[in-house]
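The structure appears right after this line, and notes come after that.
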Amino acid sequence: MTQVNAPEFVRHPKLIAWVEEIAKLTKPAKIEWCDGSDEEYQRLIDLMIANGTMQALNQEKHPGSYLANSDPSDVARVEDRTFICSEKQEDAGATNNWEAPEVMRAKLNGLFDGCMQGRTMYVVPFSMGPLGSHIAQIGIELTDSPYVAVSMRKMARMGKAVYDVLGTDGEFVPCVHTVAAPLAEGQKDVAWPCNPEKYIVHYPETREIWSYGSGYGGNALLGKKCLALRIASAMGREQGWLAEHMLILGVTNPKGEKHYIAAAFPSACGKTNFAMLIPPAGYEGWKIETVGDDIAWIKPGEDGRLYAINPEAGFFGVAPGTNTKTNPNCMATLHKDVIYTNVAVTEDGQVWWEGLSKEVPANLTNWKGQPHVAGEKAAHPNARFTVAAGQCPSIDADWENPAGVPISAFIFGGRRADTVPLVSEAFDWVDGVYKAATMGSETTAAAVGQQGIVRRDPFAMLPFAGYNMADYFDHWLQLGQQVGEKAEAAGNKLPKIFNVNWFRRDAEGNFVWPGFGQNMRVLEWMIDRVEGRANAVETPIGYVPTYEDLNWTGTDFSKEEFDLITSQSKDQWITEIESHTELFNKLGERLPKALKERQDQLLQAVQKI
């Protein structure tokens, strides 16, 4: 039996007993209690360089930065192997994979038996959210992957201080992770151990996470999607708050008025770019600051406003397409201390990916560690960077405020070639929830599967809601009602809800809207709507701006182009709204009646387009 040897700074008997129990099951060669120190980080990096898991990059150009190349079979989240094992199947709902908890436990007990043989088990303590915040949650991840241990140090508040908050009897979310590649004595390890069989399992009632077979980010960094969205959304439903797949940004106008906006886009629809937006020419005196680029935890305040924190401490961003033109703030964030995964590397040890520069450098080594072949992808489409959020030049002064920041508006948007206009404002909270619930987006490389097919991705939470999606819609409706009453009493208002689509195409298939920094023009109109000073036209699908309602200083974007991306087609909208029935039927009896009623009203309204 492996010695647990808990250090003095761990004073939590229940935690120590749990580590003992998991060690008994997984049988690691040794146990290491992570303290989050610089020394520990460097030691684990050096260990991975020696093992061939990582390589040091050019330290002049990329100080403190390293590259890991994963196994080609382990490159993205595996939605078909992700389970919500609630006690009752109907509590997981039709959009989640479900297995009876006792069946799954029996299966996992068999798989985890001896799964860490020959490896070190790392005990990784982490806080999602600022340490000690009333919105934060503590997790402990037991993993046999040093890649996970070093990545968690960037993505969460990881280290000794977590145990001070935890004390002797604090609550924590238990997370168990294995790459599922036990080593027999004397057996040589591979650079990226993983297993063709994969399970990412959540038990919402007992707040446990078990992950088997994958070393990749979203499947292995269990504080991220697993805790911060799937488990946290189930907690939020019980406790009256929201865990959302949203960026949070602050907008300050030249008058000094500041608003915080939370926005939900599916993966690879530009969340990180939008969160770090740089205002374009014509917007001197405006400022955009970043609170978070991926996840928001939102709790109602006593004043009836909704307050959000970014539970993460780092960015785990998609590298391809990122460059000094599309996201200068992000590129500046990557100036040092980055862990890259599945990008290409130049012969002098610099990183490269599609979209970083027009010219492909000569003698590239691709993400599989082989010489790059022209016409093939040098970096994997889902290649990532992992970096501390504090390095971002646009980071908001309040990004770690334990009380959170007050949200003025929610934005929902997907990747649609037609139908959905550039921007529209919902008529009211119920209408906004309907629009978010029926969001559609063309599929991308961030999930394994087909590309270019429109799938419904409610609230951009389809892969991340930890309970029945119909109950999730109901939770949004109920929360709106409760918070709305509180807000009214305090003289405040519920956040406005907007829909955007940066991705409309013309007849030749080209994007019409320039996007990136130009999205500031849409953001300004939204802020002015919140402040009650911008015009809008009422249409069957919401309030929309005219060409004259937007600020075009510094650009020659024409009225014809604007009309092209804001036009509403009666036939397209009838097809669109009728297609929502498929999702609603899938959700069955638990679907809130208010949404079905809203669908009927919309169907009648769009006949008038």
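Using the three backbone atoms N, Cα and C, a Cβ is placed for every residue, glycine included.
Mapped onto three states, the DSSP output places Cys269 (active site) in coil. Per Swiss-Prot, active site is recorded for Cys269.
The secondary structure of Asn382 (substrate binding site), as reduced to three states from DSSP, is coil rather than helix or strand. Asn382 (substrate binding site): 25 other CB atoms within 10 A of its CB, across all protein chains. Marked as substrate binding site by Swiss-Prot on the basis of sequence analysis: Arg77, Tyr216, Gly217, Gly218, Ser267, Asn382, Ala383, Arg384.
Look at Swiss-Prot and you will find Lys225, His245, Asp294 tagged as Mn(2+) binding site, backed by sequence analysis. The C-beta environment of Lys225 (Mn(2+) binding site), restricted to residues of the same chain at least 6 apart in sequence and closer than 8 Å, consists of Arg77, Gly218, Pro463, Phe464.
The GTP binding site annotation in Swiss-Prot covers Ala268, Cys269, Gly270, Lys271, Thr272, Asn273, Arg384, Arg415, Phe516, Gly517, Gln518, Asn519, and the record cites sequence analysis as its basis.
Taking only the Cα positions, the spacing between Ala268 (GTP binding site) and Asp294 (Mn(2+) binding site) is 11 angstrom. Rounded to a whole value, the Cα-Cα separation of Ser267 (substrate binding site) and Phe516 (GTP binding site) is 16 Å.
When the CA atoms are compared, the binding-site residues lying within 10 A of Asp294 (Mn(2+) binding site) are Thr272, out of the candidates Tyr216, Gly217, Thr272, Ala383, Arg384, Gln518. Within 8 A of the CB centroid of the Mn(2+) site residues Lys225, His245, Asp294, the other residues of that chain are Lys224, Ala228, Leu229, Ser267, Ile295, Phe464. Among the residues the record lists as binding GTP, namely Ala268, Cys269, Gly270, Lys271, Thr272, Asn273, Arg384, Arg415, Phe516, Gly517, Gln518, Asn519, the two farthest apart have Cα atoms separated by 25 Å.
In this view, the densest Cβ surroundings among the binding-site residues Ser267, Thr272, Gln518 belong to Thr272, judged by other Cβ atoms lying within 10 Å.
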